[in-house]
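Q: I am attaching a structure below and will ask some questions about it afterwards.
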Amino acid sequence: PTLAGQAVKLSPNAPEIQGNAKFTMRKTASKSVSSGSPWYGPDRVKYLGPFSGEPPSYLTGEFPGDYGWDTAGLSADPETFAKNRELEVIHSRWAMLGALGCVFPELLSRNGVKFGEAVWFKAGSQIFSEGGLDYLGNPSLVHAQSILAIWACQVVLMGAVEGYRIAGGPLGEVTDPIYPGGSFDPLGLADDPEAFAELKVKELKNGRLAMFSMFGFFVQAIVTGKGPLENLADHLADPVNNNAWAYATNFVPGK
């Protein structure tokens, strides 16, 4: 049989495979979502509230996180839009994990938990120290002292997870690569379509904030050489002399 010129619908939230072998993402906001939701539909919340202009025709409010703003026209092409949506969700999830990983060890260290190095951008260099990395004093993690071993584990484990996500599982069953469900949803958070639609919005809102936070952490590391919590403590102790403007006017790269 041939699929030429036809679109095969695989699952309610899965991509459509078209005859030209290109993928287009179907909307993930279920039709059963209440029309009263403030995050979906033509009457959804806009980026400037009541002062927002008319959104582009291709931003109809069917996807989570659509506030009707696309000055650069990045979402005008459906295929590019589908790809960017997937990239945003994946980067949001990594950013949320990364932001937690940057702050939590430093928080524990400031409360008496001993680390070899708690500041996120300095921790990796400890592998070159005489004692190597200190995983909370656990001697069973000796293999994590090897850069090659760490690299190999990252390639194998992350490659397997990404391959599983994109291919739809080890048996090749088709799932939504952004919201795979099934064994990835052991708590059944997606069972209620309306609750699931709201969770998608919350995930993107928190993910976008986390991406900005990670950008701020990188800038802080370059400019101050300190972790985020230490920078926060310095600012609270002396907000006049420890703020973005003060550092921007005195910052000399490389010094």
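Placement of Cβ uses the backbone N, Cα and C atoms for every residue, glycine included.
A quick note: this is a predicted structure, and the numbers were derived from the prediction, not measured.
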Q: Which of E62, E86, E88, E198 does Swiss-Prot put in the same chlorophyll a 1 site as W69, S75, R208?
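A: Checking E62, E86, E88, E198 against Swiss-Prot: the chlorophyll a 1 site match is E88.
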Q: H91 (chlorophyll a 2 binding site) has how many other Cβ neighbours within 10 Å of its own Cβ?
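A: Summing over all protein chains shown, H91 (chlorophyll a 2 binding site) has 16 other Cβ atoms within 10 Å.
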Q: Between Q154, R165, N206, which of the binding-site residues has its C-beta surrounded by the fewest other C-beta atoms within 10 Å?
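A: Q154, out of the binding-site residues Q154, R165, N206, has the fewest neighbouring Cβ atoms within 10 Å.
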Q: Roughly how many Å lie between the Cα atoms of H91 (chlorophyll a 2 binding site) and N206 (chlorophyll a 4 binding site), rounded to a whole value?
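A: With distance taken Cα to Cα, N206 (chlorophyll a 4 binding site) is 11 Å from H91 (chlorophyll a 2 binding site).
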